[in-house]
Amino acid sequence: MQIMLCAISNIASGNCSEDCKYCTQSAHVKTDIQKYRRKELSQIVLEAKMAKKNEALGFCLVTAGLGLDDEKLEYVCEAAKAVQKEVPNLLLIACNGMASVEQLKELKKAGIFSYNHNLETSKEFFPQICTTHTWESRFQTNLNAKEAGLMLCCGGIYGMGESEEDRLSFRKSLQELQPFSTPINFFIANENLKLQVPRLSADEALKIVRDTKEALPQSVVMVAGGREVVLQERQYEIFQAGAGAIVIGDYLTTKGEEPSQDIIKLKEMGFTFASECH
(Lines of atoms letter the chains of each structure in order from A; the text may use other names.)
(Lines give C-alpha, C1' and ligand atoms only; values in the text may rest on other atoms or scores of the structure.)
Protein backbone atom coordinates (compact mmCIF):
# COMPACT_ATOMS: atom_id res chain seq x y z
CA MET A 1 0.00 0.00 0.00
CA GLN A 2 1.26 3.46 -0.90
CA ILE A 3 0.73 6.27 1.59
CA MET A 4 1.53 9.97 1.65
CA LEU A 5 3.73 11.58 4.29
CA CYS A 6 3.57 15.25 5.23
CA ALA A 7 5.75 17.42 7.45
CA ILE A 8 5.05 20.74 9.14
CA SER A 9 7.21 23.82 9.59
CA ASN A 10 5.85 26.21 12.19
CA ILE A 11 7.30 29.38 10.65
CA ALA A 12 5.57 31.88 12.97
CA SER A 13 4.67 30.61 16.43
CA GLY A 14 2.52 31.75 19.34
CA ASN A 15 0.99 35.08 20.40
CA CYS A 16 -2.20 34.42 18.43
CA SER A 17 -5.02 36.89 19.11
CA GLU A 18 -7.71 34.19 18.93
CA ASP A 19 -9.15 32.34 21.93
CA CYS A 20 -9.47 28.81 20.50
CA LYS A 21 -9.71 26.65 23.61
CA TYR A 22 -7.80 23.76 22.08
CA CYS A 23 -4.71 25.74 21.06
CA THR A 24 -1.51 26.42 23.00
CA GLN A 25 -0.54 29.19 20.56
CA SER A 26 -3.32 31.46 21.80
CA ALA A 27 -2.17 34.60 23.63
CA HIS A 28 -5.11 33.99 25.98
CA VAL A 29 -3.29 31.10 27.69
CA LYS A 30 0.09 30.86 29.37
CA THR A 31 2.16 28.04 27.91
CA ASP A 32 5.86 27.34 27.62
CA ILE A 33 5.89 26.92 23.85
CA GLN A 34 8.48 28.67 21.72
CA LYS A 35 7.21 32.00 20.42
CA TYR A 36 8.70 33.79 17.45
CA ARG A 37 7.42 36.15 14.77
CA ARG A 38 9.26 34.49 11.92
CA LYS A 39 11.68 31.68 11.31
CA GLU A 40 14.83 32.23 9.23
CA LEU A 41 14.40 31.16 5.61
CA SER A 42 17.58 29.07 5.85
CA GLN A 43 16.04 27.09 8.73
CA ILE A 44 12.81 26.52 6.78
CA VAL A 45 14.81 25.22 3.81
CA LEU A 46 16.81 22.93 6.10
CA GLU A 47 13.57 21.51 7.54
CA ALA A 48 12.24 21.00 4.01
CA LYS A 49 15.37 19.04 3.09
CA MET A 50 14.99 16.91 6.23
CA ALA A 51 11.34 16.30 5.38
CA LYS A 52 12.25 15.13 1.87
CA LYS A 53 14.99 12.90 3.28
CA ASN A 54 12.31 11.32 5.47
CA GLU A 55 10.13 10.51 2.44
CA ALA A 56 7.68 13.41 2.87
CA LEU A 57 5.80 14.58 -0.18
CA GLY A 58 3.90 17.43 1.49
CA PHE A 59 5.52 20.29 3.40
CA CYS A 60 3.27 22.73 5.22
CA LEU A 61 4.22 26.34 6.04
CA VAL A 62 2.21 27.26 9.13
CA THR A 63 1.80 30.68 10.75
CA ALA A 64 -0.05 31.44 13.98
CA GLY A 65 -2.65 34.19 13.95
CA LEU A 66 -6.11 35.00 12.67
CA GLY A 67 -5.09 35.39 9.05
CA LEU A 68 -2.87 36.86 6.39
CA ASP A 69 -1.86 40.51 6.21
CA ASP A 70 0.47 42.03 3.60
CA GLU A 71 3.62 41.43 5.64
CA LYS A 72 2.81 37.82 6.46
CA LEU A 73 1.73 37.11 2.89
CA GLU A 74 5.06 38.39 1.58
CA TYR A 75 6.95 36.27 4.12
CA VAL A 76 5.07 33.05 3.29
CA CYS A 77 5.64 33.68 -0.43
CA GLU A 78 9.37 34.20 0.22
CA ALA A 79 9.51 30.97 2.21
CA ALA A 80 7.66 29.05 -0.50
CA LYS A 81 10.02 30.31 -3.21
CA ALA A 82 13.09 29.50 -1.10
CA VAL A 83 11.92 25.93 -0.51
CA GLN A 84 10.95 25.45 -4.15
CA LYS A 85 14.39 26.54 -5.29
CA GLU A 86 16.21 24.08 -3.02
CA VAL A 87 13.69 21.20 -2.79
CA PRO A 88 11.62 21.45 -5.99
CA ASN A 89 9.83 18.10 -5.67
CA LEU A 90 7.97 18.84 -2.43
CA LEU A 91 4.29 19.74 -2.56
CA LEU A 92 3.93 22.99 -0.63
CA ILE A 93 0.94 23.54 1.61
CA ALA A 94 0.18 26.85 3.34
CA CYS A 95 -1.75 27.17 6.60
CA ASN A 96 -2.08 30.85 7.43
CA GLY A 97 -5.60 31.42 8.69
CA MET A 98 -8.26 33.60 7.07
CA ALA A 99 -7.39 34.75 3.57
CA SER A 100 -9.02 36.47 0.62
CA VAL A 101 -9.17 35.11 -2.92
CA GLU A 102 -6.56 37.68 -3.99
CA GLN A 103 -4.15 36.70 -1.20
CA LEU A 104 -4.59 33.03 -1.98
CA LYS A 105 -3.88 33.65 -5.67
CA GLU A 106 -0.57 35.23 -4.61
CA LEU A 107 0.29 32.08 -2.64
CA LYS A 108 -0.50 29.96 -5.69
CA LYS A 109 1.79 32.14 -7.83
CA ALA A 110 4.56 31.62 -5.26
CA GLY A 111 4.32 27.85 -5.68
CA ILE A 112 1.79 26.81 -3.04
CA PHE A 113 -0.10 23.68 -4.11
CA SER A 114 -2.72 23.38 -1.38
CA TYR A 115 -4.23 25.57 1.35
CA ASN A 116 -5.00 24.14 4.78
CA HIS A 117 -7.74 25.80 6.78
CA ASN A 118 -9.60 23.46 9.10
CA LEU A 119 -13.24 23.87 10.05
CA GLU A 120 -12.16 22.18 13.33
CA THR A 121 -15.64 20.95 14.29
CA SER A 122 -19.34 21.38 13.54
CA LYS A 123 -20.94 24.76 12.97
CA GLU A 124 -23.10 24.10 16.04
CA PHE A 125 -20.27 23.20 18.44
CA PHE A 126 -17.73 25.79 17.26
CA PRO A 127 -18.96 28.67 19.51
CA GLN A 128 -18.11 26.53 22.53
CA ILE A 129 -14.44 26.37 21.55
CA CYS A 130 -13.87 29.80 20.00
CA THR A 131 -15.53 33.21 20.41
CA THR A 132 -13.15 35.56 18.57
CA HIS A 133 -14.10 34.49 15.05
CA THR A 134 -16.88 32.49 13.43
CA TRP A 135 -17.11 29.05 11.89
CA GLU A 136 -18.64 30.72 8.83
CA SER A 137 -15.47 32.77 8.28
CA ARG A 138 -13.47 29.53 8.24
CA PHE A 139 -15.83 27.97 5.72
CA GLN A 140 -15.57 31.07 3.52
CA THR A 141 -11.77 30.91 3.48
CA ASN A 142 -12.03 27.36 2.16
CA LEU A 143 -14.34 28.56 -0.61
CA ASN A 144 -11.83 31.33 -1.34
CA ALA A 145 -9.02 28.80 -1.66
CA LYS A 146 -10.99 26.79 -4.19
CA GLU A 147 -11.82 29.94 -6.15
CA ALA A 148 -8.12 30.86 -6.19
CA GLY A 149 -7.34 27.53 -7.86
CA LEU A 150 -5.61 25.92 -4.89
CA MET A 151 -6.16 22.35 -3.78
CA LEU A 152 -7.93 22.19 -0.44
CA CYS A 153 -6.76 20.60 2.80
CA CYS A 154 -9.58 20.84 5.36
CA GLY A 155 -10.42 18.80 8.43
CA GLY A 156 -10.45 19.33 12.16
CA ILE A 157 -10.08 18.11 15.72
CA TYR A 158 -11.97 15.32 17.45
CA GLY A 159 -12.27 14.67 21.16
CA MET A 160 -13.06 18.22 22.34
CA GLY A 161 -16.35 17.24 23.97
CA GLU A 162 -18.42 17.28 20.79
CA SER A 163 -21.36 14.90 20.36
CA GLU A 164 -21.81 12.24 17.68
CA GLU A 165 -24.35 14.60 16.06
CA ASP A 166 -21.63 17.27 15.91
CA ARG A 167 -19.30 14.82 14.19
CA LEU A 168 -21.95 13.99 11.60
CA SER A 169 -22.68 17.68 11.00
CA PHE A 170 -18.97 18.44 10.70
CA ARG A 171 -18.45 15.73 8.09
CA LYS A 172 -21.49 16.94 6.13
CA SER A 173 -19.86 20.37 5.91
CA LEU A 174 -16.65 18.75 4.69
CA GLN A 175 -18.67 16.93 2.04
CA GLU A 176 -19.82 20.31 0.73
CA LEU A 177 -16.18 21.36 0.31
CA GLN A 178 -14.86 18.03 -1.05
CA PRO A 179 -11.26 18.72 0.01
CA PHE A 180 -8.29 17.06 -1.70
CA SER A 181 -7.09 16.00 1.76
CA THR A 182 -8.77 16.02 5.16
CA PRO A 183 -6.63 15.99 8.32
CA ILE A 184 -7.89 14.35 11.50
CA ASN A 185 -6.41 15.59 14.78
CA PHE A 186 -7.14 13.99 18.14
CA PHE A 187 -7.28 16.52 20.98
CA ILE A 188 -4.64 16.13 23.68
CA ALA A 189 -5.34 18.12 26.84
CA ASN A 190 -2.70 20.51 28.16
CA GLU A 191 -2.81 21.70 31.77
CA ASN A 192 -2.68 25.33 30.59
CA LEU A 193 -5.68 25.03 28.28
CA LYS A 194 -9.25 25.85 29.26
CA LEU A 195 -10.49 22.76 27.49
CA GLN A 196 -10.24 19.75 29.80
CA VAL A 197 -12.00 16.64 28.51
CA PRO A 198 -11.33 12.88 28.67
CA ARG A 199 -8.99 11.57 25.98
CA LEU A 200 -10.46 9.55 23.12
CA SER A 201 -9.96 5.79 23.23
CA ALA A 202 -8.07 4.06 20.42
CA ASP A 203 -11.28 2.32 19.31
CA GLU A 204 -13.12 5.64 19.08
CA ALA A 205 -10.25 7.24 17.17
CA LEU A 206 -10.18 4.42 14.63
CA LYS A 207 -13.96 4.67 14.22
CA ILE A 208 -13.52 8.39 13.44
CA VAL A 209 -11.03 7.51 10.69
CA ARG A 210 -13.42 4.93 9.22
CA ASP A 211 -16.39 7.30 9.37
CA THR A 212 -14.38 10.08 7.73
CA LYS A 213 -13.27 7.88 4.83
CA GLU A 214 -16.83 6.67 4.36
CA ALA A 215 -18.08 10.28 4.23
CA LEU A 216 -15.22 11.48 1.99
CA PRO A 217 -14.18 8.57 -0.24
CA GLN A 218 -12.44 10.84 -2.77
CA SER A 219 -10.38 12.73 -0.16
CA VAL A 220 -7.02 11.66 1.24
CA VAL A 221 -7.64 11.08 4.96
CA MET A 222 -4.59 12.30 6.87
CA VAL A 223 -4.08 11.47 10.54
CA ALA A 224 -2.11 14.24 12.22
CA GLY A 225 -1.93 15.51 15.82
CA GLY A 226 -2.56 13.04 18.63
CA ARG A 227 -1.85 9.93 16.57
CA GLU A 228 0.94 8.58 18.78
CA VAL A 229 -0.64 9.52 22.12
CA VAL A 230 -4.19 8.33 21.45
CA LEU A 231 -3.47 5.24 19.34
CA GLN A 232 -0.05 4.24 20.72
CA GLU A 233 0.84 0.71 19.52
CA ARG A 234 -2.33 0.67 17.37
CA GLN A 235 -1.42 3.80 15.41
CA TYR A 236 -0.73 2.01 12.13
CA GLU A 237 -4.21 0.46 12.14
CA ILE A 238 -5.36 3.81 10.74
CA PHE A 239 -4.45 2.63 7.24
CA GLN A 240 -6.80 -0.35 7.46
CA ALA A 241 -9.44 2.11 8.67
CA GLY A 242 -9.09 4.27 5.55
CA ALA A 243 -6.28 6.75 6.17
CA GLY A 244 -3.95 7.43 3.26
CA ALA A 245 -1.54 9.89 4.86
CA ILE A 246 0.10 10.88 8.13
CA VAL A 247 2.00 13.87 9.45
CA ILE A 248 5.53 12.89 10.46
CA GLY A 249 7.85 14.50 12.98
CA ASP A 250 7.14 17.41 15.27
CA TYR A 251 3.68 18.95 15.22
CA LEU A 252 3.01 22.62 15.84
CA THR A 253 3.81 22.77 19.55
CA THR A 254 4.06 19.10 20.55
CA LYS A 255 6.59 16.40 19.80
CA GLY A 256 5.63 13.77 17.29
CA GLU A 257 7.55 10.53 16.79
CA GLU A 258 10.97 10.93 15.24
CA PRO A 259 10.30 10.76 11.49
CA SER A 260 12.88 8.02 10.96
CA GLN A 261 11.09 5.73 13.46
CA ASP A 262 7.85 6.07 11.51
CA ILE A 263 9.70 5.35 8.26
CA ILE A 264 11.43 2.27 9.66
CA LYS A 265 8.21 0.81 11.06
CA LEU A 266 6.15 1.57 7.96
CA LYS A 267 8.76 0.06 5.62
CA GLU A 268 8.87 -3.07 7.80
CA MET A 269 5.09 -3.31 7.38
CA GLY A 270 5.42 -3.14 3.60
CA PHE A 271 4.23 0.43 2.99
CA THR A 272 5.67 2.54 0.20
CA PHE A 273 5.61 6.33 0.07
CA ALA A 274 4.08 8.58 -2.57
CA SER A 275 6.64 10.67 -4.44
CA GLU A 276 4.13 12.51 -6.60
CA CYS A 277 0.51 13.59 -6.38
CA HIS A 278 -2.06 11.83 -8.55
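The backbone N, Cα and C atoms fix where each Cβ goes, and this holds for glycine too.
What Swiss-Prot lists as domain 'Radical SAM core' is 1-227, and the listing cites sequence analysis. The [4Fe-4S] cluster binding site annotation in Swiss-Prot covers CYS16, CYS20, CYS23 and is backed by sequence analysis. Here Swiss-Prot flags CYS60, CYS95, CYS153 as [2Fe-2S] cluster binding site.
A map of Swiss-Prot features onto the structure.
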residue	record	DSSP (3 states)
CYS60	[2Fe-2S] cluster binding site	strand
CYS95	[2Fe-2S] cluster binding site	strand
CYS153	[2Fe-2S] cluster binding site	strand
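Neighbours of the [2Fe-2S] cluster site: apart from CYS60, CYS95, CYS153, residues of the same chain with C-beta atoms within 8 angstroms of the site's C-beta centroid are CYS6, ILE8, GLY58, LEU61, VAL62, ILE93, ALA94, SER114, TYR115, ASN116, HIS117, PRO183.
The Cβ of CYS95 ([2Fe-2S] cluster binding site) has 22 neighbouring Cβ atoms from other residues within 10 Å, across all protein chains displayed. The local packing around CYS60 ([2Fe-2S] cluster binding site), expressed as other Cβ atoms within 10 Å of its Cβ over all shown chains, amounts to 26. For CYS153 ([2Fe-2S] cluster binding site), the same-chain residues 6+ apart in sequence whose C-beta sits under 8 angstroms from its C-beta are ILE93, CYS95, SER114, TYR115, ASN116, HIS117, PRO179, PHE180, SER181, THR182, PRO183, MET222.
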